[in-house]
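As recorded in TrEMBL, the features of this protein are as follows:
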- 6-28: transmembrane segment (TRANSMEM)
- 37-55: transmembrane segment (TRANSMEM)
- 75-94: transmembrane segment (TRANSMEM)
- 106-123: transmembrane segment (TRANSMEM)
- 129-148: transmembrane segment (TRANSMEM)
- 160-182: transmembrane segment (TRANSMEM)
- 202-220: transmembrane segment (TRANSMEM)
- 232-263: transmembrane segment (TRANSMEM)
- 269-288: transmembrane segment (TRANSMEM)
- 309-327: transmembrane segment (TRANSMEM)
- 339-366: transmembrane segment (TRANSMEM)
- 378-397: transmembrane segment (TRANSMEM)
Amino acid sequence: MSFIIQLVDFITTPFGFIVIITGLFVVVQANQNRPRLGWLVIAVLGFAASLGKFSNEFIKEPPSLVFPLEQICQQGRSLTIVLLLLLIIIALKSRNIWRKKLVPQPIIYIILVQLTIFVKILVYGDIGLAFLTAVTFGAVVFSLILGPSRWLQNEHNFQLGVWAMAMVGVIFGIANIYQASIDPYPITFIHGWFLGTTGNPQMAALVITGVIPCLFFLAFQDQENRLLRLIWAGFLALAVFGLLMTASRTGAIMAVVSILIFFRYRGGQFLQIALIFAVLAALFLPYLSPTDIESIGSFSKDTNTRAGVWGGYWQMFLDYPIFGAPFQGDRLRFGESSWLGALGSLGIIGGLPMFMFAWSTLDMIIKLDRISKIRPDYYLKCSVVMAGLLSLLVGGISEAYLLGNLTFSVMAVFLYLILGNYIIEVVQQEYEYFKSQYYQNYSNLQTNDVQM
């Protein structure tokens, strides 16, 4: 009930009114002849889903951001819901032309995991919250399948899909540059670590690492506009700098995974990129404050802050192997690991589809790697999806973001899966076409030989 009140309050504010009017204009204008508008809604939705306010037992009210970032962050959840509804309306206007498989297999397994979470909250928690969780997650799946998955009918829309993910990082970067130019303290007040407009440094790292593959793709793809490539490369460098400032070891590992995927068969280029980043680090590090240097130094700390939580999840699974451990309160909370969190809190019923999700995602990654070997012209396209998916799977080992429902991380996973599914289906269609052409030509030759 409080959520509905918050949503109504947001709609009745001047900012909410502007969002509604602008959104309705976009809804009217957006169609498959103007695909960029729909993908722009995806980008803004991804940024809105990343918004948050830091809070713990010691800090109830964090330092305020500058106008209008403070107002936007306070209404982040309501803004996300409104944008999601607008996306659903746009998605309903689109139509499928040739695609046969719009839903990637891994998404089906994630739906089963969320269904288990719904039942678990229904049994032990708040019934209203259970249905709200189910509706919001269902809306995310519905909008992304009927929207982006149906929009992906050609190469142009694939490029726009990658562009939309990269634009999440661009919006995030511009917003935080604006804040830092006026007062950097509200986005670095936790030990000097960068949290930006998100709820904590880990979330900021996840946003950055989620868009790094797309920034790589746009910066290194073959295109005539070199100025545009330089702009994307600049945002890529900014993303890496922001990631260093989060002091997130998970984020650093995810970024390394992404880079290694892109240069898995191109060691010489990898060394060149590593040299460029080393030079940039040498130029910028002397200008950082001592607190900033300490933030970057946090990468090298050898303390394991997750071992206790992981051990607790494993013990919960051993004690309650079927349906997971009971919980108290109105909602089910996860922390420190998507995989162990699913096992400990959901048991075999929720853990099995979670691991099937990982298996089917890895299967997609392997297929894309094979395609990149057979079709060198697909190397970058396959790499951007492989890097995004594998880095998010690896990050899920130490963070529970894969078990969320209306978050940027979940949307990023879904979008990468949708992009990968499109590549596989396009290549399969091309293969079937060339095979049919071959048999047709062979049949024509046989007919001509008989006539002769």
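Note that Cβ sites are derived from N, Cα and C of the backbone, with glycine treated the same way.
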I'd like to know if the transmembrane segment (37-55) touches the transmembrane segment (129-148) in this structure, counting it as a touch only when three or more C-beta pairs sit under 8 Å and are separated by 6 or more positions. yes
Going through 75-94, 106-123, 232-263, 309-327, 339-366 one by one, which has the most CB pairs that fall under 8 Å from the transmembrane segment (378-397)? 232-263
Quick check: do the transmembrane segment (106-123) and the transmembrane segment (232-263) share at least 3 Cβ pairs under 8 Å, counting only pairs 6+ apart in sequence? no
Thinking of Cβ pairs under 8 Å, which stretch from 37-55, 75-94, 160-182, 202-220, 309-327 has the most of them with the transmembrane segment (6-28)? 75-94
Are there residues at least six beyond either end of the transmembrane segment (75-94) with Cβ under 8 Å to its Cβ atoms? List them, or say none. 3, 6-7, 9-11, 13, 15-16, 19-20, 23-24, 26-27, 30-32, 37-38, 41-42, 44-45, 48-49, 51-53, 136, 139-140, 142-143, 146-147, 150-151, 406
Candidates 37-55, 160-182, 202-220, 309-327; stretch with most C-beta pairs under 8 Å toward the transmembrane segment (339-366): 309-327
Are there residues at least 6 beyond the ends of the transmembrane segment (309-327) whose Cβ is under 8 Å from a Cβ of it, and what are they? 120, 124-125, 333, 335-337, 340-341, 343-351
